[in-house]
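Everything below concerns the one structure shown next.
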Amino acid sequence: MNIQNKLFFILFGLSVALIAALMMLVQSSINKGMQEYVNNKEIERLQPAISELTTIYQKEGSWASMDGKHNRFLHIIESVQEDNTPPPRREKQPRRASPPPNADASRMPPPKHRQPPRRPHFALLDLNGELVAGKNIFADEFIEIPITLNNKTIGFLLTAKYDRLTEGYEFDFIKQQKQFLWVIALIAIFFVATVTIALSRHLVIPVKLIANGIHKLTLGEYDQSIHLKRKDELGDLSKDYNELAMTLCESEKSRKRWLANISHELRTPVSIIRGELEAMLDNIRPLTKNNISSANDEVIHLQRLIEDLHLLTTADVGAVRYQKSSLSLNNLLSDESEKFAGYLANAGISLTTAFCPQQLIINADKTRLNQLLENIVNNAIKYSKASQLKISLNLTVHDRIDRAIIIIEDDGVGVEDRHLKHLFDYLYRVDDARNRKDGGTGLGLSICRQIVDAHHGSISANHSTMGGLAVEIILPITHND
């Protein structure tokens, strides 16, 4: 049984049970109310008898004349009841027609009437509760009507309570109320069934859509989305599903691009090495030191690519170990800048630095941070065609936490906007031909991102105020002096 049917039967069953319970309570209340009405009516009908008994007591000053006079007492009660009984309703009799043949044979038996109720018992008690006239009442419940004279109680008139209805209009009233209740119950059940079906569909259809979408995700169909115009938890779930589908789609595209790039990067140097070796074996190219050196350069490039790939894959699985310690970021950048100065000067690039006066202390792996800075500076030397390079260090507040911000920027050719967010992707190249010519693997900036992530920081690329590219690194600090 699916969820929609389960939800329908649960809600419908609970509603029907509630309606049935309410009907039973209402019917019981009507029956009790009618019995109470009949008993109150009986008290009203006995008021003339009470008045006559009061008159007898007033004349004689006691109940002596009524003591043991059961017949007299019952006569008073019955005469009053007969006087209060309404005359039977006379109905117009239709004109008699001649009886049909065999009328006696076809005559239906008289209708069955209800068994007349038992005649109620009455008793007259004195002020002390002793029986004066009538019969003892052994009913579980009885009506005790006080008899008063000059606001003083002089005795009691007892009669058994009616435990069932006795007159036709009372039965008709109960029957009418029951029919009315059944009509209301059927209408309520129909309404509940309609609302329950609509509610179950309203809740289950979005779940089915999301379930079908998740099933498609398991089949690798990521290019889809679910649009639910809802503002509840199911609407939020559909939005999360769309985000998941988009993320999986991007991951799948990245995986395919990664495999294609890896295949290309590995195939190219291998093809070059094979071509050069075959050319020398076939005496197309002479076996000289220069030709062997050319093949060796491709081997070195291939080895560097494999090492970078190994570093990235081990970082992804968390196998790279970082030897972190407390160190001054100011001193680290100062030492690295001195190393870069000569290298940059040989490339025709002037270096300027601007460090904040506070000593920013971080918990980091010094070797990995040196690798991070070297990759970024080497990238600027190879591809930016810059004449100036600036390294700055400042203290900033990010997410209400003090952090160090390192900016390495140049005045080179820069990068177009469409490339900025992809610079740190695996094997991404702005200019593929130029990158291979300069011996790059396309993994340097990807390694930088892995190092920064391992230090719980962030790295991004933006346009430099100097006109070229600016790489911004944000790292958490332990304290500053």
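For all residues, glycine too, the Cβ spot is worked out from N, Cα and C.
Nobody curates TrEMBL annotations by hand; they come from automatic prediction.
Residues or ranges marked as transmembrane segment in TrEMBL: 6-26 (among others). With a threshold of 8 Å between CB atoms, the same-chain residues lying at least 6 positions outside the transmembrane segment (6-26) that come near it are 181-182, 185, 188-189, 192-193, 196-197, 199-200, 203-204.
Per TrEMBL, region 'Disordered' is recorded for 78-120.
TrEMBL lists 110-120 with the feature compositional bias 'Basic residues'.
Residues or ranges marked as transmembrane segment by TrEMBL: 180-199 (among others).
Under the heading domain 'HAMP', TrEMBL lists 201-253.
The domain 'Histidine kinase' annotation in TrEMBL covers 261-479.
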Arithmetic mean of per-residue pLDDT over the domain 'HAMP' (201-253): 84
Within the domain 'HAMP' (201-253), residues counted as helix, strand or coil by DSSP: 39 helix, 0 strand, 14 coil
